[in-house]
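**Q** Just dropping this structure here.
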Ligand SMILES: [Zn+2]
């Protein structure tokens with residue numbers, strides 16, 4: 001199974017670009033090996049050492065560039081990190097109507113519940129993945145973000161891609177060069193690819209440029225092949241260098257292209273787990289999970305020892321009541337301030353979340369980013385001190401460091 005763009009233009013570009021890149025690399029190889037090293041450095045100048053140095057660097061970075069490119073496109077096309085479709089979306093897409101419906105634009109920062117309304121079923125599939133965590137991104141009503149196209153609850157940092165018509169985990173951008181959506185599974189390989197390509201272009205530029213300069217100054221005239229290599233190397237070198245700088249900035253700040261949209265004014269709403277049965281205050285509302293069934297509501301009796309106990313009102317189902325009592329969790333709905341990034345762990349931890357924990361991971365496109373493991377109980381992705389800052393701002397105690405269920409205060 002592959003995950004191609006829904007847009008014919010993008011699919012067409014995706015098939016042409018690898019051929020174009022292969023032709024460019026073939027040309028650069030001919031110029032560097034034949035024109036620079038064999039003809040100029042070895043034949044004309046007898047500079048064997050320089051020729052060997054250029055060849056070693058050239059093929060080293062060509063190999064790294066091709067390896068990271070292949071790793072990126074294979075990951076993008078086989079496992080781009082899609083959020084599973086909701087059952088309604090599956091049936092809708094299987095029906096003929098789906099093909100007739102016009103596609104909507106990306107809801108990058110999702111208009112709350114635009115289009116198909118969120119599932120009002122308190123036992124909506126997937127909802128428990130959110131309220132079993134201690135923090136998740138929510139809407140004003142305390143429910144997670146909902147994708148009206150995929151009919152699913154969107155995990156933190158997942159966004160709907162109109163290119164794929166699917167929600168993508170930690171979505172970054174659609175890359176025509178790699179032919180797909182760069183997300184959490186491929187972002188590390190993408191960064192490595194742009195960095196190695198910039199280095200590769202730098203070597204082509206250096207080799208062709210210095211040979212051309214020496215040829216001109218010694219009266220050999222202008223070699224058109226060297227000029228062509230300078231043009232290609234300059235174009236791709238500048239492009240990939242800029243991409244590398246931008247991507248490294250994202251890595252160090254723990255942000256994506258999507259996160260950065262409207263960053264200065266962007267406010268996140270966090271559902272933050274608080275002691276069971278706590279009441280809302282002037283500065284925040286609370287939401288209780290599992291959501292009450294229609295015709296029922298939770299009421300809270302605050303006891304003298306501070307323990308909240310829950311009573312169901314008008315409950316039609318006593319069996320469910322006992323289960324809900326045990327699984328019951330209360331969340332405060334808090335807002336960050338503008339430009340606060342809940343996932344910022346500091347430069348070094350941000351780097352390791354994406355690039356890995358050791359130089360082997362940083363340099364080679366072997367293992368995926370640590371952040372894709374999703375093995376945390378607390379949140380979808382590691383969150384930074386901002387969560388405690390936001391809690392404190394709302395008069396809530398910090399999250400206990402040892403995680404020994406202190407939040408429940410039984
Ligand atoms: Zn979606």
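Even glycines carry a Cβ here, placed using N, Cα and C.
Note that TrEMBL annotation is computational and uncurated.
For 94-107, the entry in TrEMBL reads compositional bias 'Basic and acidic residues'. What TrEMBL records for 143-259 is domain 'Palmitoyltransferase DHHC'. Sequence annotations record features per position, and here TrEMBL assigns region 'Disordered' to 94-124. Residues or ranges marked as transmembrane segment by TrEMBL: 12-30, 50-70, 189-212, 224-245.
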**Q** Tally Cβ pairs under 8 Å between the transmembrane segment (50-70) and each listed stretch (12-30, 189-212, 224-245), then give the stretch with the top tally.
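**A** The stretch with the most close Cβ contacts to the transmembrane segment (50-70) is 189-212.
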**Q** Using DSSP, what is the helix/strand/coil residue split across the domain 'Palmitoyltransferase DHHC' (143-259)?
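**A** Here the numbers are 64 helix, 19 strand, 34 coil.
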**Q** Return the average pLDDT for the domain 'Palmitoyltransferase DHHC' (143-259) as a whole number.
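**A** That stretch averages a pLDDT of 93.
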